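Enquirer: Can you read through this structure? Questions will come right after.
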């Protein structure tokens, strides 16, 4: 309220925000007085009092003067006198009430004269109220009745356009140009036929008697349009205002609208486009100024907020489409004051937000919603605008994003949708590493927005966070990360249900987030970690290798010695590790899915070692050391809680995959939408209550029930927030403890065999065969599976092994493991050469290429005249790659042209030529992108290759992520972490004097002892006693006693 008032005070032209004429006489109090109800509740009471008193007077008069039968008896005569006296008193009371109401509350008045045309016509009956005048609540734009300063017996009807201390430029009798204290400035809407403050000056506030309550949206916009035609300040030449309605199409539309409104009884009977079109024409018009456009936008916002467009009407979809089109293409004549223009842009944001968040917003099409958000993004990215307006646009986008991703469960992935069909066609043509572009589809019929709109928004937000795009500034990246945070908070749990969204998350989003971790800007780094937390907390089952890369990245940041990585970044990285480790069951899942996976890193063990090393201060105890200790103690705390539950005879009784993170409620944009939200929540609560009475969900995992006595015991042993149930149900197939132990042994053997293979391939394979990892005798397909599945093998050593003539069976199986069906030869060759380094000898190259050409030729249905043609073409592609990209060759001769490439292959297809278009495509593909051995490259080339390998691994069985219940395999976890934890506790306890840290260390010792006792780990218990004895000085005193005893002998 204060902000709006201060803004209006600096305007040179009056505000007309409170001028609201009725749509028609029957609906003025029911429909278009709603804005007044929202602004001042007491004004409604005024109208109700006037109406009820008027009705009371009429009824009393009818009652007093109606005919009664004459009574002949004395008793009836007395009764008649009694009735007459009672009616007389009623009449006196009614008259007194009407007088008091009319004097102090309000009355009906008849207006005469042309000074307020077209807002008020000659002879209009309007309601006047006095409470606003008495309480001093008059505002600019109000229509008031004031005694004339020149003729006190005359009551003037004018609009209040200025208040005390406002500056005016059109007053002939005001030399200073400022309205003095205690005065107001009055003007008529029909300036040419109005005698007002321009001639007799400001009017004392004491002369104001009434305020008129009458007007609605159409006349407000029309009045502003006519004022714009007159210009400001007013022209001296006379203009016949009545002709404007005939010459100006915008005004003619409003005049026609008034006629239509006067002829209908119910607004619901009208087509929404009928009363919207005049306002939308004003918004689209290039000839209107900012105040007119702003007033039209405010009117449309009110129509939406008060539910004047019925979402169940068959014509509602067309109406909201027209609103979206008009507002996103709004035009107006700018002014010299930029702040005045920004008011219009703020109104645009208000309408766009209201349109999408009201019930009729669900009828918008995907294209309209995307255009609406694009308009908001334009305002966000316009640096010439004020920061306040850009932040308002970002807030609007946050609400839109929240709505779209909250509605994700209601969206259906319809493969028949034109957008999805177009996307599938384009994805079939683009390469795997390319980012999908925005797609614009014009459907043949209206389709409400849904999944395509959500995908486009997600794609655009990911593009905003891409650090490789130099067009993305820091503010743009931060905004993209903030909106992604909103999207994941609202709908992260539902993303994995849509094949249209998950590829973006797995590839582009995770890649951008990992690259952003290299930034030196702390706000970007903090926001990136926040998005990563939400992403991996909800979607880690689909992002196994992406989460591994994230932890490895955090580890490298913490251990980095580079000067560009500041202490705050290391602190944030440790905080991120601590937050992730506090997710119920995550630590157990790290050990099972990575440490026990054959080809993944020992993630849990490596992070434990990192935290141990970082918990030992060198110069002094800092926050990073405490964070490292907190991460270690997080695991100890979790295991201790699980042990207490086991001892009590129960465990976490409910684990529901549907109990997703608390969904954020949509913000209330009006009383209408807020009421709808309450109604919806009540229905939902009733449904949940009925479901709970029928039985327990089948998705819940029940281990043991906990009775009331045991529950009381647990409350005494554990803090209230000690246990958080895992939100997700465990995987259906959980490995046994024996299988986990066996897999861990196999991993140690494979790791040793990998190191041996990278030194001598033959010895490495033989070692694995002896240990039982590879079959005896060797199976070529078994060896190939290991060669292709192990990402840690040296590519050169792979070539040495498969190119050995003693291993031709392995070479043949290796080549046939590639799916070359429906793949062009150069693409297949590129895929083939990424997996090993091509040997340098010509004989070995020829042998490998012969096997390759034979497999490709048969996999693609023998497309050439002979298999030798495939071999020749493959060899020619390798030579072309060398010719185009080898620096030494380019220095000695000019690179080959496409015609020369075709000429060299002339007649090699079984005596015929290859297809000319195919050769051109292959030539340009090799020329623009070199076939390289990515693993031996550096920089972006190597990163792209490693990321491609990661995505491929994620699509295989190796990428399956196992969810486990909390407490699963705690024994093995404690066996790994108790040593580092107790060492860190001992060091921190010894070096710190802070009471809180000492207490934390003692609690850690106690929990370690409790866990060791639960599992019967006596060595752990002995170690703890030794540590504590050292701090208690018992060992020192004992040694002293022995020495003293010896000296006395």
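Including glycine, each Cβ sits where the backbone N, Cα and C put it.
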Enquirer: Under TrEMBL, the annotation region 'Disordered' belongs to which of these stretches: 634-656, 657-679, 680-702?
Expert: 680-702
Enquirer: Sort out the sequence-distant neighbours of residue 115 (active site) for me: same chain, 6+ apart, CB within less than 8 Å of its CB, listed by position.
Expert: 157, 158, 188, 189, 190, 193, 194, 195, 196
Enquirer: Mean pLDDT for the domain 'SEC7' (739-929), as a whole number?
Expert: 90
Enquirer: So how many other Cβ atoms are close to residue 158 (active site), meaning within 10 Å of its Cβ?
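Expert: Result for residue 158 (active site): 26 other Cβ atoms within 10 Å.
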Enquirer: Under DSSP, is residue 158 (active site) part of a helix or a strand, or is it coil?
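Expert: Where residue 158 (active site) sits, the three-state DSSP reduction gives strand.
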